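As given in TrEMBL:
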| type | residues | note |
| --- | --- | --- |
| COILED | 581-608 | coiled coil |
| DOMAIN | 531-717 | domain 'STAS' |
| TRANSMEM | 100-127 | transmembrane segment |
| TRANSMEM | 133-150 | transmembrane segment |
| TRANSMEM | 184-211 | transmembrane segment |
| TRANSMEM | 249-280 | transmembrane segment |
| TRANSMEM | 292-313 | transmembrane segment |
| TRANSMEM | 341-361 | transmembrane segment |
| TRANSMEM | 418-438 | transmembrane segment |
| TRANSMEM | 475-507 | transmembrane segment |
């Protein structure tokens, strides 16, 4: 009782509104409203306007192209500098080992990972709009680069001048092979950068929306498996060829297992020790995140310890442990990429450009939302394009945002792009001054760093259970992206996943949900009659809604669902009426023939039978029910339905094409033939304009059939029905 009183009191306190207005259809609205006069611009005027330049416009474009000019003069030294310095140092000590490690993934010597951790990072400071992401080497992109490099320059290649019997042991062979792979990686970076620049200047920043989150997560999980399997040979210290393309994961695992007996025990012990230390360090950083002023830089600690142990115990000579080797001091002179390689790697460059941008912009949006600023997707494309294309002249390979480093940069107090610039300067100091000290570093240590950094990606397997509960279609996208990328390779896998994601969009619009709506009593709110008990339908009126646009792919299913949901099939009703009329005509003819031969009493009886025959009403025949087959009976409209009006709710409709317009016109015509008036409610302005352009309106289909809202349409149908019944 008390609960009921509280509910009534709550209803009394609820704000109410009451509007007294005419029933609006589109014809009436057009008569009362006055369109704003807009003078359409010619193409020449548009070009002239876009080319017109003022000092304000030039300044705006300059600030957009070089964001540093906008934020650097306003940089608050006292508030931001200390946080940026600490963040820059913390990120820098991660850049160094990850740059060395991810170079192995890219199938190039480790020093090129250092170059890729300096030039692009420094350039992003000037052109990037995100204050917190850490640009540089990243496992997925490095793996994609390595796959292309290995495909173009496989391990089996035999150079002219080498003897095939000693080619595998020849130092010159490896130098020549690595030089070729560097050329491929550098040209790939140049081309992907040019593609990103073109997309940015053409304002194509929206392309990242086609890489939906389940797709990206499934793709990166598969990439993590690729990365993990590629590092097994370094962890175990065995010699195997590197594979790329379809089934490369299977071939890599088979190659490792075939040579598992040649495992270098010293390399395995060093690698496993580093993995344990790194996992302990990450766990400490996670558990004591709030208490530690900065995360423990476990990666650089492991690199220093590994280098010291390797140099002290001479692991390279004594135990044949593979080490990083020669790290030349200083920066290389700029060189032009190998342009003739472009046709062979063009498709790969597109995939790397889009995946790299998607990774960067998604991470940038997360931090921008958290810290209350905005990023420009098109400028991010331009920034990444400049980082990749310009960096390629200085021997760097393709880069993007690193998730782990970005989290460290943000959590350690980084406020602006200055933190990224400081981290790049730390890498520069290593390149020009102390790089040679890391030459004894075992490759198994770098493999351990790579493997431990995959921990976050492997956690994405948990998406399967989450998506199973929330969205089966998104789960299908995740699984297809994972399986395709795992077995077809990252390039073909990505294309397959994008194609499948597009198919799911078509599937959703081609097979939408259809509903019959009813009214919440004493309101103008309409909901699904099957969902709520309180919803009531108006007698004689059906309100039909489809949660998709009306176009060629779903127009047929729209018509079928309309007939099924409303219980009115005009074609079946007309066909049944024609059959009944023919049967009735035959009965009359037979009766007339009998009348000529029969007596007066029989003639009177025949007349009585004919008088009792009735024409069909709403598809139901009183005199021939006994002769109607069950199949025919199903197509009859039951008397209790008695539908006189059908309202199509166009609230969810975003567009209508020519096929959809013809379907709509056909629906209106067919239902009018069986006495059902069809109205359209809540049709948006753009859809109205499309219908006008498609010549939808004529003498039979006018704008008076289109209403501003469902309630307007319902009231108009009721008025029309009352007028017809009088």
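Every residue gets a Cβ built from N, Cα and C, even glycine.
Within the chain, the transmembrane segment (133-150) has long-range Cβ neighbours (under 8 A, six or more residues past its boundaries) at 91, 95, 98-99, 102-103, 105-108, 113, 116-117, 120-121, 124, 181, 184-185, 188-189, 219-220, 223-224, 226-227, 230, 242-245, 248, 345, 348, 351-352, 355-356, 359-360, 363-364, 367, 384, 387, 397-403, 405-406, 408-409, 420, 423, 450, 453-454, 457, 489-491. Across 249-280, 341-361, 418-438, the stretch most heavily in contact with the transmembrane segment (475-507), judged by Cβ pairs under 8 Å, is 341-361. Scored on C-beta pairs under 8 angstroms, the neighbour of the transmembrane segment (184-211) with the top count among 100-127, 249-280, 341-361, 418-438 is 341-361.
Tertiary neighbourhood of the transmembrane segment (418-438): same-chain residues 75, 80-81, 83-85, 87-89, 91-93, 95-96, 99-100, 111, 114-115, 117-119, 121-122, 124-125, 128, 133-135, 303, 307, 324, 327-331, 409, selected by CB-CB distance under 8 Å and a gap of 6+ residues from either end.
Using a Cβ-Cβ cut-off under 8 Å and counting only residues 6 or more beyond its ends in the same chain, the transmembrane segment (100-127) has close neighbours at 65-68, 134-139, 142-143, 145-146, 149-150, 178, 181-182, 185, 227, 230-231, 234, 242, 303, 324-328, 331-332, 379, 382-384, 386-388, 390-391, 394-397, 399, 417-418, 420-421, 423-425, 427-428, 430-431, 435, 438, 441, 443, 446-447, 449-450.
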